[in-house]
Amino acid sequence: MFSPNHTIVTEFILLGLTDDPVLEKILFGVFLAIYLITLAGNLCMILLIRTNSHLQTPMYFFLGHLSFVDICYSSNVTPNMLHNFLSEQKTISYAGCFTQCLLFIALVITEFYILASMALDRYVAICSPLHYSSRMSKNICVCLVTIPYMYGFLSGFSQSLLTFHLSFCGSLEINHFYCADPPLIMLACSDTRVKKMAMFVVAGFNLSSSLFIILLSYLFIFAAIFRIRSAEGRHKAFSTCASHLTIVTLFYGTLFCMYVRPPSEKSVEESKITAVFYTFLSPMLNPLIYSLRNTDVILAMQQMIRGKSFHKIAV
């Protein structure tokens with residue numbers, strides 16, 4: 001950054017979760033295990049969806065993209081974090097910090113609207129089952145994932161530009177384990193009012209708008225389920241939504257604790273703990289939640305283990 005009072009910033013220092021060398025080695029093992037489980041679980045989910053003919057439906061199409069986003073999401077932060085656990089120089093380049101910040105915002109927003117698309121899919125499946133094939137056609141499904149990717153990356157790029165347009169001086173120590181907006185803003189020595197307002201508006205809008213779509217979809221879904229006379233029918237209809245509802249609750253619950261508030265020293269410290277959950281645990285748990293609660297996925301896994309599901313990969 002250019003300023004008459006300081007030199008160009010070329011790198012930042014990530015303070016991470018702790019400065020205790022012994023604890024860092026323990027955390028390295030813990031987060032490495034979480035990362036490997038995340039990669040294995042989500043890659044397995046993508047492989048199952050692409051190779052098993054019974055999973056070639058809109059619901060699993062969206063789930064495959066959710067798994068892909070979770071892999072990118074975790075991979076954006078974890079490798080650098082693991083490196084810093086074992087390194088004395090806990091630095092990240094200016095370009096690397098910009099990229100990490102951009103990808104983090106972009107992938108979070110993308111996941112918002114993929115989860116919203118999944119809710120719409122469940123709404124159509126339960127409330128309009130006779131029109132499901134036409135209303136959730138391949139073209140519509142492609143649009144429902146393409147738009148979140150495009151919008152997410154445009155939002156991430158614009159928000160990152162606002163952040164890195166700020167002048168940074170004095171300490172360049174980021175009080176976090178990745179390049180997050182709130183602690184970066186606290187390092188700035190230029191006016192941050194526009195950036196703070198933009199962050200609050202964008203985070204608030206995307207959280208509330210995507211959650212509104214999900215809640216409205218489930219309002220109609222529950223109304224339709226309660227009209228089903230048989231208990232078995234109600235249970236079967238609700239079971240198709242249970243995994244998605246669990247993921248939505250975990251993901252949105254933690255994010256609401258972090259971004260819908262102005263940045264402060266206290267909020268940054270709290271957000272580090274919150275961020276551990278949705279950056280590492282949520283991507284690891286998502287495929288497990290769908291696997292344990294979904295008979296189609298369990299059956300597909302059994303078929304894959306027996307070597308019966310490796311047909312031609314669907315395009």
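Count begins at 1; order follows the chain as displayed.
In case you wondered, yes, glycine gets a Cβ from its N, Cα and C as well.
From a predicted model like this one, the values you see are computed outputs, not experimental measurements.
Annotated topological domain 'Extracellular' per Swiss-Prot: 1-25, 76-99, 161-196, 259-271, in sequence order, evidence recorded as sequence analysis. The N-linked glycosylation site feature in Swiss-Prot is assigned to Asn5; the stated evidence is sequence analysis. The annotation transmembrane segment is assigned in Swiss-Prot to 26-46, 55-75, 100-120, 140-160, 197-217, 238-258, 272-292. Positions annotated as topological domain 'Cytoplasmic' by Swiss-Prot: 47-54, 121-139, 218-237, 293-315. Residues or ranges marked as disulfide bond in Swiss-Prot (evidence: sequence analysis): Cys97-Cys189.
The average per-residue pLDDT of the prediction over the topological domain 'Extracellular' (259-271) is 58, rounded to a whole number. The DSSP secondary structure for Cys97 (disulfide bond) is helix. Among the listed stretches 26-46, 100-120, 140-160, the one sharing the most Cβ pairs under 8 Å with the transmembrane segment (197-217) is 100-120.
Helix, strand and coil counts under DSSP for the topological domain 'Cytoplasmic' (218-237) come to 16 helix, 0 strand, 4 coil. Note on the topological domain 'Cytoplasmic' (47-54): DSSP counts are 7 helix, 0 strand, 1 coil.
Its Cβ taken as reference, Cys97 (disulfide bond) is surrounded by 25 other Cβ atoms within 10 Å in the chains shown.
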